[in-house]
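Feature annotation from Swiss-Prot assigns active site, pros-phosphohistidine intermediate to H117. Residues or ranges marked as ATP binding site in Swiss-Prot (evidence: sequence analysis): K11, F59, R87, T93, R104, N114.
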Amino acid sequence: MAVTRTFSIIKPDATKRNLTGAVTKMLEEAGLRVVASKRIRMSREQAEGFYAVHKERPFFGELVDFMMSEPVVVQVLEGEDAVKRNRDVMGATNPAEAAEGTIRKEYALSIGENTVHGSDSEENAKIEIDFFFDEDEIVG
C-alpha cells in the first residue's frame with residue numbers, strides 16, 4: 001500500500017468538549033500521522049464554500065451554522081491508504097450504527113454532531129486539503 005494523505009476536521013461538538021487530544025490519539029493509533037493541524041473558527045464563507053456540495057440539501061443552513069458555532073481543528077493525515085484508514089476509525093455517520101472502538105461510537109452525540117469529518121476519496125482529500133492549507137504548512 002502507498003502512503004497517501006487525507007483531510008480531517010474535528011468538529012465543534014468535539015472541540016467544545018475538549019476531545020481534540022482523544023480524537024487525535026485514536027487517529028494516530030490507527031496508523032495515521034498528523035502532518036498539518038490548525039485550530040480555527042470557520043467563517044460563514046469558509047463553511048459555505050467547504051460544504052457547497054450540500055447547498056441544495058435541506059440541512060445546509062444548519063450544517064453551516066453548526067460548523068461556525070465553535071472552533072474546529074482541520075488536519076492533514078498521512079498513512080498507508082489514509083482515506084480508508086481514516087474512514088474506518090471514524091465509523092458510520094450515525095453513531096448508533098458505528099462499530100465499537102470507532103471515534104463516532106465513542107464520542108458522537110448525533111448524526112449531525114458526529115465529532116469528525118473525513119474525506120471520502122483521494123481526489124476529494126486533495127481538494128479539501130487545498131481549501132484549508134498551503135503546501136508549505138504541511139510538514140511530513
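Each Cβ is built from the backbone N, Cα and C atoms, and glycine gets one as well.
Locations of recorded Swiss-Prot features on the structure.
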residue : record                                          : Cβ within 10 Å
K11     : ATP binding site                                : 25
F59     : ATP binding site                                : 12
R87     : ATP binding site                                : 18
T93     : ATP binding site                                : 13
R104    : ATP binding site                                : 22
N114    : ATP binding site                                : 22
H117    : active site, pros-phosphohistidine intermediate : 20
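The ATP site in the record is lined by K11, F59, R87, T93, R104, N114, and its two most distant CA atoms lie 22 Å apart. Look at the residue listed as 'active site, pros-phosphohistidine intermediate': DSSP puts it in a strand.
Rounded to the nearest whole angstrom, the C-alpha distance between H117 (active site, pros-phosphohistidine intermediate) and R104 (ATP binding site) is 10. In the three-state DSSP scheme, F59 (ATP binding site) is classed as coil.
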